[in-house]
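Below: one structure, written as structure tokens.
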Amino acid sequence: MAYYGISTNLIIYLTKKLHQGTVTSSNNVTNWVGTVWMTPVLGAYIADAYLGRYLTFVIASAIYLLGMSLLTVAVSVHGLKPPRCVETDMADCKKASTLQLAVFFGALYTLAVGTGGTKPNISTIGADQFDDFDPKEKGHKLSFFNWWMFSIFFGTLFANTILVYIQDNVGWTLGYGLPTAGLAISILIFLAGTSFYRHRVPSGSPFTRMAKVIIAALKKWKTPVPTDPKELYELDLEEYAKKGKFRIDSTPTLRFLNKACVKTGSKDPWMLCSVTQVEETKQMLRMIPILIATFVPSTMIAQINTLFVKQGTTLDRGIGSFNIPPASLTGFVTISMLISVVLYDRYFVTIMRRLTKNPRGITLLQRMGIGLVFHIFIMMVASLVERRRLSVAKDHGVVESGGQVPLSIFILLPQFVLMGTADAFLEVAKIEFFYDQAPESMKSLGTSYSMTSLGIGNFLSSFLLTTVSHITKKHGHHGWILNNLNASHLDYYYAFFAILNFLNFILFIVVTKFYVYKAEVSDSMEVLEGQLRGLAPAVTNQEESRT
């Protein structure tokens, strides 16, 4: 609620209160959101290497709360914002001063630092509460990220509807003060449960461990790898048991890195690494092509709080005497996602389990692929809707004036609803995939991959918006993206995105063909598969005798 209470309506504050233009305000939103989703890499590193997930989360929460409090002050004090302007073109309004911008964006980026420690660790702490060696708990864990995202979007729904309405119609002080108070309460609730949590201890810098593997392999690039994996260097099982870690067997994928654990006489950790250390590095590197294939759909998500909302400001928002805040349409993304997650978890998974005998119903990559297909259709629909909006604007002579188009804001509804359905497939699968496929000692870093995807997607959105705006204005052309959306050509821009999504889907298919899922650390998935195949009694007896 706190984060989306700020991000959902941020472009409206930047344009209406700080008097920024369409491209500038959109880029400021996506640059900030990009930073919010990039800082989790640092937060995950600190958690996995030094402080642990719990302590990192608590410290980051305090920074998060500080940022929210400063932001509330920035929108409340009259001297920290420029005077009100009623001009249609924001270029004619008095700009915010350097001090005003410094306070506002300083608060925003303080908040971004705080989210860097909260976002990659809170979901990981939640997933850590399930025991992978208990088939019943493992079964619950398979649904955890569905309900995790459900909880997030439940808070988002309040932000996209109630908070946005308060910000637009009551005031920004209350509109930002409420999520600040809500964040403070949520931190206290989290702290109250401290004694009940399963805590994981930090296991050293993941980047250093991976760097040792890569450098050791490069130093021994001429050294042949033995055909028998038993000849490779590995620690005793007891060494891992003492640290609560798991030993991983050698695999043939990314075979070059196996050179790092070939014995050459040197015990230098930058010359000789254990098989498990090498396999952990492989697991993190194998996910990178999948990560790259998620950048483009993350760029599409960035359009929700920027261009989609800006489109809404040009349309008829009235229902009787009530005016719908443009940013409230993002609430339909949330509602669609909430409904889709419930239908997916309760019905789709049940049906697919019977067909595939997979405890998840379908694989995580298949689920992501369905989400990618949705993104292609979303941008096709958005392009057609925008073409209709521009046609009506032309028919009613409001192209040059930039006046309101006599068309209901609900014409934008399909692209918002479809985006929520796409999230139920892609975004949930993404966070679960990167958590599930990361090594046990690098779970926070793995989870941060999904946040990095959103961060780079937002920066990519800024780059594409600026580049396309610049290129389409060359040689005396009018340009696709102007402050006056009625004179713009967002329909061309969205069509470009549809093509980009299609090409990205082809890339995704290629990289998934070469992806190898990591081995499970326990046989819980086998137990669950056995139950689906009707082998549960035999497997259960085995489990009981082992116990």
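Note: Cβ is positioned from N, Cα and C throughout, glycine not excepted.
TrEMBL labels come from automatic prediction, so no person has curated them.
Under the heading transmembrane segment, TrEMBL lists 54-77 (among others).
For 97-114 (among others), the entry in TrEMBL reads transmembrane segment.
Here TrEMBL flags 145-166 (among others) as transmembrane segment.
Summarising the annotation, TrEMBL assigns transmembrane segment to 178-197 (among others).
Here TrEMBL flags 284-304 (among others) as transmembrane segment. Within its own chain, the transmembrane segment (284-304) is flanked in space by residues 30, 33, 206, 210, 253-254, 257, 330, 333, 365, 368, 371-372, 375, 378-379, 382, 416, 419, 422-423, 426-427, 430, 433-434, 437-439, 442, 445-446, 449-450, 452-458, 460-461, 464, 497, 500-501, 504, 507-508, 511-512, 514-516, 518, which lie at least six positions past its ends and keep a Cβ under 8 Å from the stretch.
Residues or ranges marked as transmembrane segment by TrEMBL: 324-344 (among others). Outside the transmembrane segment (324-344) by six or more residues, the chain places 8-9, 11-12, 146-147, 149-150, 153-154, 156-157, 160-161, 164-165, 167-169, 304-305, 308-313, 317-318, 409, 412-413, 416-421, 423-425, 428 with a CB less than 8 A from a CB of the stretch.
Sequence-distant contacts of the transmembrane segment (364-385) (same chain, six or more residues past either end, CB-CB distance under 8 Å): 290, 293-294, 296-297, 300, 303, 308, 411-412, 414-415, 418-419, 421-430, 432-433, 436, 491-492, 494-495, 497-498, 501-502, 504-505, 508-509, 512, 515. The transmembrane segment annotation in TrEMBL covers 364-385 (among others).
Annotated transmembrane segment per TrEMBL: 405-426 (among others), in sequence order.
Away from its own ends, the transmembrane segment (447-472) comes close to residues 23, 26-27, 30-31, 33-41, 43-44, 119-121, 123-124, 287, 291, 294-303, 306, 427, 430-431, 433-435, 438, 478-481, 489, 493, 496 of its chain (Cβ-Cβ under 8 Å, at least six residues beyond either end). Residues or ranges marked as transmembrane segment in TrEMBL: 447-472 (among others).
The annotation transmembrane segment is assigned in TrEMBL to 492-516 (among others). With a cut-off of 8 Å between Cβ atoms, the residues of this chain six or more beyond the transmembrane segment (492-516) that come close are 251, 253, 286, 289-290, 292-293, 295-297, 299-300, 303, 307, 365, 368-369, 372-373, 375-376, 379-380, 382-383, 386, 468, 480-481.
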Among the recorded stretches 54-77, 97-114, 405-426, which has the greatest number of Cβ pairs closer than 8 Å to the transmembrane segment (145-166)?
405-426
In the same chain, who gets a Cβ under 8 Å from the transmembrane segment (54-77) while lying at least 6 residues past its ends?
2, 6, 13, 17, 43, 46-47, 103-104, 106-118, 121-122, 125, 172-173, 175-177, 179-180, 183-184, 187, 190-191, 194, 197, 199, 444
